[in-house]
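Scroll down for the structure; my scribbles are underneath it.
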Amino acid sequence: MKKVIVGISGGVDSSVAAWLLQQQGYLVEGLFMKNWENDDEKEYCSSEEDLSDAWSICNTLKIPLHTVNFAQEYWENVFQVFLQAYQSGFTPNPDVLCNKEIKFKHFLDFALEDLGADFIATGHYVRCMNVKKKITLMKGIDQNKDQSYFLYTLNQQQLKRCLFPIGSLTKLTVRKIAKELNLITANKKDSTGICFIGKRNFRSFLSNYIAIQPGDIINIHGNKLGLHQGIPFYTIGQRKGLNIGGISNGNGKPWYVVDKNITHNVLIVAQGINHPCLMSRIFIVQKIFWIKGNILKSPIQCSVKIRYQQSDVQCQIYPISVDTLKIILKQPVTAIAPGQSAVFYIKKHCIGGGTIIKRFPLIHIKNYY
């Protein structure tokens, strides 16, 4: 009997994943990871409640639950990288980092080496398919819940040891199963936002770790419109929190961030979500991962997702070097944010991805500083 360690988060997806693997004949055990040390603002931290729910789930399913603390690894490999990216003017994706560095690295190693597992499993909405002795990562059946965007860094050795039992189910079906099993998580809300921030105000949380300096907000013509509260608090395409809503150049459209200059501490804005300064067809991607391990040597046509739950866009990929790609979209897209992930697909198959480092607006944004 093959042994599977299921990452039990205290949510409905992982609890149903564990039950499904039991039905498939695996020897199932649970593991709860603590990735963030509780601070003095306990009302914002759900880890104690999640652990309690994890115990309840495992008791109901009659499986053992292991606990492990990866807070140090998370701090060094996820949170510090997250902070450095924000300080550099990027908008990072900590979920991608967490999957790469914690769930499918430290958790996988711990399960295989310390707990003697054959596989690990999680409640991600993705599927795997074995094609010509290579494992392909595929989108989950539920298009609204597909999480392949967050798993593009996985390699063949990792995928060979991973099971994703709910990838062929819809969220509705998962909740229905949980209710039939009387699991405590059946009606539990999905977690949203950045896990270590929880319900806290993003700006106040980040200011505890990053030195913040207010600066000018200017429009694309160089006119000063107001003051920003610190460049790291803003991302390309952001509308809220600018506090310049009453200022207009005549078209009455809301203001959006179209560029950030870290060196001069200046935020540049323009009006309208489809402003040419916010729209792009071309961008550069680095830190490349190919799921099948093949290095791209010639241009290909595929589709790309530039943020979670956004529709894929047809594109051409041109390799500039082993770790740098030029992406040309079939049609312009608004608010491409450097620091976010660009994930590539051929139909339902996730083939890889990387980190957006630069975008090229439809019209050049002139320097006035």
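All positions are counted from 1 along the displayed chain.
Every residue gets a Cβ built from N, Cα and C, even glycine.
Since this is a predicted model, take the numbers as computed values, not measurements.
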Legend entry - Further ATP ligand in Swiss-Prot, beside Gly7, Ile8, Ser9, Gly10, Gly11, Val12, Asp13, Ser14, Gly123, within candidate set Met33, Met138: Met33
Inset, instruction - Look up Cys98 (active site, nucleophile) in the DSSP assignment and report helix, strand or coil. - result: helix
Inset, instruction - Run through the Cβ atoms and count how many others sit within 10 Å of the one on Asp13 (ATP binding site). - result: 24
Legend entry - Nearest recorded site to Gln340 (site 'Interaction with tRNA') by CA-CA distance, among recorded positions Gly7, Ser9, Asp13, Met33, Cys98: Cys98
Inset, instruction - Determine the minimum-neighbour residue: among Gly7, Gly11, listed as binding-site residues, which Cβ has the fewest other Cβ atoms within 10 angstroms? - result: Gly11
Inset, instruction - Could you tally the C-beta atoms, other than its own, that fall within 10 angstroms of the C-beta of Cys98 (active site, nucleophile)? - result: 24
Legend entry - Chain-internal residues, separated by at least six, CB under 8 A from Ser9 (ATP binding site): Phe32, Met33, Asp50, Ala54, Gly123, Ser191
Legend entry - Spatial neighbours of His124 (site 'Interaction with tRNA') that are distant in sequence (at least 6 apart) but have CB under 8 A: Asp13, Gly140, Gln147, Phe150, Leu151, Phe164, Ile166, Gly167
